[in-house]
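What follows is a short report on a single structure.
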Amino acid sequence: MTINPVSRKVAWLRVVTLAIAAFIFNTTEFVPVGLLSDIAESFHMQTAQVGIMLTIYAWVVAVMSLPFMLLTSQMERRKLLIYLFVLFIASHVLSFLAWNFTVLVISRIGIAFAHAIFWSITASLAIRLAPAGKRAQALSLIATGTALAMVLGLPIGRVVGQYFGWRTTFFAIGMGALITLLCLIKLLPKLPSEHSGSLKSLPLLFRRPALMSLYVLTVVVVTAHYTAYSYIEPFVQNVAGLSANFATVLLLILGGAGIIGSLVFGKLGNRHASSLVSIAIALLVVCLLLLLPAAESEAHLAILSIFWGIAIMVIGLGMQVKVLALAPDATDVAMALFSGIFNIGIGAGALVGNQVSLHWSMSAIGYIGAIPACAALVWAVLIFRKWPVTLEEQPH
């Protein structure tokens, strides 16, 4: 099914609007990382107890990505986007009104449902809406939207929360989503479902050892990162003894470094994806091991955050490129699985960080995170040696 030809300007506008949507969806997933202390204070809870919200959100996305993708596989994509945006916006209004922690968690589950569907269809939609011959750039734009959520979305969300209260942050995200929805309604044509894959494509994907090995690598390395990253805001304030303002600056540095990672990957990713991902995982190991020693100084923490931000962006982009290259015949199913597996890692990391903080010491989150990071490094070296060509991006 082809889309009626439109001017390149309109085609790019459609892709840019999708990238803005990607920015909003990722901002809301990560913004609680910068608001944990404030939310805990307003509900008279410990920060580590509130952190369980991150795990619940991530695991709902993980569990629901594939079922929702299959349930909606025959649904016209424009209508599906409108429905999931309405759910997303309504859930943010509930977050804003949340009168206790349980209601806040319920609102986050609603957002996670919308998130699960959005990420399983977005990559293939961007490819369909892109101007002729600009598929790679369209995907790169979506990845940029995702990256900017870490760079700008999370720190801005934290600043808004700091000065106007965490509820205002969620309300603002909901309003941003409403404006984006109105743009999508105006810009998008009808988009009949295509190339979405079905349950039939699952056994096919499971029989691809290179792809399955990548999924294992994804869950292990993401668990490592989020063990420490989920609690970086309370770590900076409670362990390092630094100010709330510096915690905001650090999140900004960490996110901003992601842009450098994105540029590095854009330049070298097509030819050297395997080497780049391996180097980035090694860099992540070093950053996690040095997190506590670096906590003695603002400058050391800032420098460490630059390398940490570069590493995690290269890892994320590298995985995405490889998954799409290994499953061109079932992009939606492969990306739904990837999104699910990525979120299993986020939830697992946040849970490990939560348990370490509650039952041991928050100061140990870097060391504990380094354990799965080391395992990921060994696994990456092994699988990239076994499938050196298969795992490079293939032209399709």
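Glycine residues also receive a Cβ, built from the backbone N, Cα and C atoms like all the rest.
What you are looking at is a predicted structure, and each value in this text was computed from that prediction instead of being measured.
Annotation source Swiss-Prot lists topological domain 'Cytoplasmic' at 1-14 (among others).
The topological domain 'Periplasmic' annotation in Swiss-Prot covers 36-49 (among others) and is backed by sequence analysis. Panel annotation: around the topological domain 'Periplasmic' (36-49), residues 100-101, 104, 161-162, 165-166, 231, 233-234, 237-238, 244, 354, 357-358, 362 of the same chain, lying at least six beyond its termini, place a Cβ under 8 Å from a Cβ of the stretch.
Here Swiss-Prot flags 71-80 (among others) as topological domain 'Cytoplasmic', drawing on sequence analysis.
Counted with DSSP, the topological domain 'Cytoplasmic' (124-135) comes out as 7 helix, 0 strand, 5 coil. Annotation source Swiss-Prot lists topological domain 'Cytoplasmic' at 124-135 (among others), citing sequence analysis.
Helix, strand and coil content of the topological domain 'Periplasmic' (157-168), in residues and according to DSSP, is 11 helix, 0 strand, 1 coil. Here Swiss-Prot flags 157-168 (among others) as topological domain 'Periplasmic'.
Summarising the annotation, Swiss-Prot assigns topological domain 'Cytoplasmic' to 190-208 (among others).
If you look up Swiss-Prot, you'll see 230-245 (among others) marked as topological domain 'Periplasmic'. Beyond the ends of the topological domain 'Periplasmic' (230-245), by six or more residues, the same chain brings 33-37, 47-48, 51, 54, 158, 162, 251, 254, 291-292, 295-296, 298, 301, 346, 349-350, 353-354, 357, 362-363, 365 to within a C-beta distance below 8 angstroms of the stretch.
The topological domain 'Cytoplasmic' feature in Swiss-Prot is assigned to 267-274 (among others). Taking the topological domain 'Cytoplasmic' (267-274) as a whole, pLDDT averages 79 in the prediction.
As annotated by Swiss-Prot, topological domain 'Periplasmic' applies to 296-300 (among others). Outside the topological domain 'Periplasmic' (296-300) by six or more residues, the chain places 240, 242, 246 with a CB less than 8 A from a CB of the stretch.
Positions annotated as topological domain 'Cytoplasmic' by Swiss-Prot: 322-332 (among others).
The feature topological domain 'Periplasmic' is assigned by Swiss-Prot to 354-363 (among others), with sequence analysis given as support.
Marked as topological domain 'Cytoplasmic' by Swiss-Prot on the basis of sequence analysis: 385-396 (among others).
Note on the transmembrane segment (15-35): residues 50, 53-54, 57-58, 61, 85, 88, 92, 111, 114-115, 118-119, 122, 125-126, 129-130, 138, 141-142, 144-146, 148-150, 152-155, 157-158, 161, 166, 169-170, 173, 176-177, 180, 183-184, 187, 229-230, 232-233, 247-248, 251, 346 of its chain, located 6 or more positions outside it, place their CB under 8 angstroms from a CB of the stretch. Per Swiss-Prot, transmembrane segment is recorded for 15-35 (among others), and the stated evidence type is sequence analysis.
The feature transmembrane segment is assigned by Swiss-Prot to 50-70 (among others).
Sequence annotations record features per position, and here Swiss-Prot assigns transmembrane segment to 81-101 (among others) based on sequence analysis.
Here the transmembrane segment (103-123) has long-range neighbours at 18, 21-22, 25, 28-29, 39, 43, 53, 56-58, 60-61, 64-66, 68-69, 72, 77, 80-81, 84-85, 87-88, 90-92, 94-95, 97, 139, 142, 196, 320, 324, 331-332, 335-336, 339-340, meaning same-chain residues at least 6 beyond its ends whose C-beta is under 8 angstroms from one of its own. Among the features that Swiss-Prot reports, transmembrane segment is placed at 103-123 (among others), with the record citing sequence analysis.
Contact between the transmembrane segment (301-321) and the transmembrane segment (364-384) is not supported: fewer than 3 Cβ pairs lie under 8 Å, counting only residues 6 or more apart in sequence. Counting Cβ pairs closer than 8 Å to the transmembrane segment (364-384), the top stretch among 136-156, 169-189, 209-229, 246-266, 333-353 is 209-229. Across the topological domain 'Cytoplasmic' (71-80), DSSP helix (H, G, I), strand (E, B) and coil residues number 5 helix, 0 strand, 5 coil. Note on the topological domain 'Periplasmic' (157-168): residues 27, 31, 34-35, 38-39, 42, 95-98, 233, 244, 247-248, 251 of its chain, located 6 or more positions outside it, place their CB under 8 angstroms from a CB of the stretch.
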